Amino acid sequence: MRILILYGSQTGTAQDVAEQLWRASKKRNFDSVVMAMDDYQIQQLTEEHLVLFVVATTGDGKEPDNMRNTWKFLLRRNLPVDSLSNLQFACLGLGDSSYAKFNYAAKKLNKRLQQLGAQPITPLALADDQHDYGSNAVVIPWMTNLWEEVEERLGLSCRDAENLHETFIFKWHCCRLDHTSILDEDNYHLLWPHRQTPTHSFKLINNVRTTDPSHFQDVRFIQFEVPENATWLPGDIIEVHPHNSKKQIDEFFALVQEHELDFDSNTVVRMSSNHQDMILPKCYSKPLNVRQMATSIWDLSAKPRQRFFELLALNCEDNMEKEKLLEFITSDGLEEVVNYINRPRRTVLEVLQDFRHASSKLTLEICIEMFSFIQTRSFSIASCVESKALDLLVAVVEYKTKMSSPRLGLCSNWLKCLKIGDNVLGCLKRGTMQLPKELSTPLIMIGPGTGIAPFRSIIQKHTINQNGLDSHKSLLWIFFGCRNRSKDFHFQSDLELWHKQNYIKLLVAFSRDQDHKIYVQHLIEENSQELKNLIKECNAYVYVAGSSTNMPKAVKEAFINVLDKDEAYMEKMCKINRYQEETWS
């Protein structure tokens, strides 16, 4: 029987889970196909009988890029209400409950499929990255229950599950070429190995630390020259593709050499798909060597996923190591994964170093299947296009766990190490913020820390377009928060100048400059009367940007207090996009 598995994935996690389902279905002798939703001809969904959906939620309740066309089609009002009456389906959502619209994309899809007559074979499952065990707390038992339901409801006999870990379904075929094979000098497919086309190449012209050297975090002001024909709007973002550090690459090849594996950095391969319906990734479209893979494609700083443990155990001849690796991919092993991987934030390289017997049996074919791909990272653009520069404000991720070496964010540290004159491929994309059409509409912007970045672009644009407006009346209210005035007041000179010129009304909370802590939500409530008038009398829009931990919830509660506890009014503002959040974890 055919099973279609469709995913909507922004960072690769939903794709990884969907491919787990695909492998599990293949091992159970199903004729299964897995692909991104937008790669499937959605009009053919009426001909399917069993479809499994794995859907992530991105941003403020948005669907991932690779399912947006599908979602638009499913929302058409002229679709018959019984158009999917022959379809049975299961839907798994991957989300993060620190966001207000938790698993929103999966909830909407599940509801819409049933509106069109499709029948769920299992209840909607919503995995939460904030769970102590992460998304696997829901994913693993959901998969187990799914196959039981498929067997019971459809009267199908699934293959005995006892030996399912003894084999692995490989996606790719790896054909080794002679070491002297000449590689294509055009390595565009490696610098940008993603299907969407980058809009431009950006030349770096500035890269400086903005925080005081004594401050705990390095925050960088990164500036690129604007290429010809590049354009964006305030609130838009840029996606970039980072590379692994030289240290990570050297550590990987040191391990390869130590174990005398059957390949080295110069091994050249040509890749092809083992399955007719499996699309070959762009990065594998031309012959390449292993050093190129370890530099530009494999994410060597990633946390290992289930596929990694399963493959590492595949050829392992040490019973203790094999047993432990296979335990990691079961429900019983979730606590072990938390203690060994999640809490200390162990990377794939560190796991390879710990499981030395298993690592000594690696092959190039296993490595190609085992490592997750490096994903693009998105940053809010902190300047308007009229400024003639594309500015970013990037917090360099570095923190300590019980591991001996600090944990380093891949992309922020890659950006930190870029040199003046380096060129970076980037994709300019619309942000989630929707600005009012009328320039005279007041805007209230709350951006503590690097959350100030998108608001700087809005202010810059506003100062240029404000000719003819009442320059003595601030239409932009800015609430900024940081620890200390002297250490991490981002864009201080710009903000204070605009405040002095009356382009903005600036209110800043320095949480550590006095005995008691002051945050942006306290300043909001201190200015409640003026803010209430702006919102209710002048139809002001409110924007919140920054960390998704505690700040967004505290800020929203402050605004509800400003509105005299009128939660219904707040709900209405959210619904019509007069209250918007752009947050990240």
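Positions of Cβ are set from backbone N, Cα and C atoms, glycine also.
Noted in TrEMBL for the protein shown:
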DOMAIN    3-147  domain 'Flavodoxin-like'
BINDING   9-14, 56-59, 94-103, D129  FMN binding site
DOMAIN    197-436  domain 'FAD-binding FR-type'
BINDING   R345, R377, S378, F379, S380, G409, L410, C411, S412, W584  FAD binding site
BINDING   T450, S511, R512, K517, I518, Y519, V520, Q521  NADP(+) binding site
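Structure with TrEMBL features highlighted.
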residue : record               : Cβ contacts under 8 Å, 6 or more apart
S9      : FMN binding site     : Q15, D16, A18, A36, V54, A56, P64, N66
G59     : FMN binding site     : T432, E582
D96     : FMN binding site     : T57, F102, D128, D129, Q130, S548, S585
Y99     : FMN binding site     : T57, D60, G61, S548, T583
R345    : FAD binding site     : K303, T401, M403, R407
S378    : FAD binding site     : I237, I238, E239, K429
S412    : FAD binding site     : R220, V394, A395, V396, V397
I518    : NADP(+) binding site : A509, F510, S511
Y519    : NADP(+) binding site : P448, G481, A509, S511, M551, A554
V520    : NADP(+) binding site : I446, P448, F479, F480, G481, L507, A509, M551, V555
Between L410 (FAD binding site) and G12 (FMN binding site): CA-CA distance (Å): 15
Rounded to the nearest Å - Cα separation of L410 (FAD binding site) and K517 (NADP(+) binding site): 32
CB within-chain contacts under 8 A for S380 (FAD binding site), separation at least 6: G235, D236, I237, L392, L393, G431, A453, P454, S457, A545, E582
Residue among binding-site residues A56, L410 with least C-beta crowding, 10 angstrom cut-off: L410
Number of other Cβ atoms within 10 Å of the Cβ of S511 (NADP(+) binding site) across all protein chains: 16
Overall pLDDT of the domain 'FAD-binding FR-type' (197-436), taken as the mean: 95
Number of helical, extended and coil residues in the domain 'Flavodoxin-like' (3-147), per DSSP: 58 helix, 35 strand, 52 coil
Most distant Cα pair in Å, residues T450, S511, R512, K517, I518, Y519, V520, Q521 binding NADP(+): 19
